[in-house]
């Protein structure tokens, strides 16, 4: 009897798995709550930097902009201020996420295995590529610029190989089972990479990556339009990411414009598609009702798709003469800046709620220790 009781005590006290779980389930820190979804903030800042840079370059070329912006230096000042602010925020988030990878790799692995979380792993690299396009002190012909492009694009391609390969080779991860609006982030990563490569003059690399992005955009877009089973597992709080439907064709038009050298017919087709999708979303505000009841970092998904639509409208206004195109540019640009500022102010006011434990994005974290 004593031996059996001793064995029971030894078995319960020497359970390393149990002790590990208790250690891992200690009170959450900023590293456990900070997930890749927070890079939506830097995407929005990067988009605004691009928008203000575009306005500063074309303030006199488009007469309608010149009427509003009487002072030519205002867009330039806003661009520089936003660029340095975006750089600081992106650097801070990147350092924190690297620390998360080091100390909480199991959580990063859980993100990678989650049908929503894996798509946000593209956002840090997209943010850096966008910021690289706007760097004020390095030209696109510089060697350092080329090296940084490779540093930021290679992880995107590696993620492509993993995710796209799973869609048509893995039995448990069919696209029809895991597709959700965030799946478009993988496409956006390719399109931004192609856009940046075209600006460097690397047309062959740009066409290669653009082809990869465009092919999978068509597949993802059609799959999402069919509203298959993956949509049923998408939390209502994350519905602002429906605006990614606007971002993908907008960035596609910008990327192809850089590759072809003009905002030609394919660019206009993608731009008009993004306009239609944007109109469809704003005509149905009720679908965002639940997500707007309580502040969440997902709100930043409203900002950067609208900014890229404004950037596409700027290219369209440069190509098409008349009154309609510049007016459209002014309306969308003003709306983009307004949405960005409103969300920024709300975020500052709700800083204490920014890293909340009840984030719907973290739903996969509860399964981290079961594998």
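Glycine residues also receive a Cβ, built from the backbone N, Cα and C atoms like all the rest.
Residues 30-32, 34, 36, 38-39, 41-42, 45-46, 48-49, 52, 124, 127-128, 131, 134-136 of the same chain lie 6 or more positions beyond the ends of the transmembrane segment (81-105) yet place their CB under 8 Å from a CB of it. As annotated by TrEMBL, transmembrane segment applies to 81-105 (among others).
If you look up TrEMBL, you'll see 117-135 (among others) marked as transmembrane segment. For the transmembrane segment (117-135), the list of distant contacts is 35-37, 39-40, 42-43, 46-47, 49-50, 53, 79, 83, 86-87, 90, 93-94, 97, 110-111, 145, 148-149, 152-153, 155-156, 159, 163, 180, 182-186, 188-189, 192-193, 195-196, 199, 361, 364: same-chain residues at least six beyond its ends, Cβ to Cβ under 8 Å.
Per TrEMBL, transmembrane segment is recorded for 147-165 (among others).
Taken from TrEMBL, the feature transmembrane segment covers 177-198 (among others).
Annotated transmembrane segment per TrEMBL: 204-225 (among others), in sequence order. Long-range contacts of the transmembrane segment (204-225) within the same chain: residues 153, 157, 160, 164, 167, 175-176, 179-181, 183-184, 186-191, 193-195, 197-198, 231, 245, 248-249, 252, 255-256, 258-259, each at least 6 residues beyond the stretch ends and with a Cβ under 8 Å from a Cβ of the stretch.
TrEMBL lists 237-257 (among others) with the feature transmembrane segment.
Proximity of distant same-chain residues to the transmembrane segment (269-287), defined by a Cβ-Cβ separation under 8 Å and at least 6 residues beyond the stretch ends, is recorded for 239, 242-243, 245-250, 252-253, 256, 263, 305-306, 309, 312-313, 315-316. The transmembrane segment feature in TrEMBL is assigned to 269-287 (among others).
Annotated transmembrane segment per TrEMBL: 299-317 (among others), in sequence order.
TrEMBL lists 323-349 (among others) with the feature transmembrane segment. For the transmembrane segment (323-349), the list of distant contacts is 41, 44, 47-48, 51, 55, 62-65, 68, 295, 297, 299-300, 302-303, 306-307, 309-310, 313-314, 316-317: same-chain residues at least six beyond its ends, Cβ to Cβ under 8 Å.
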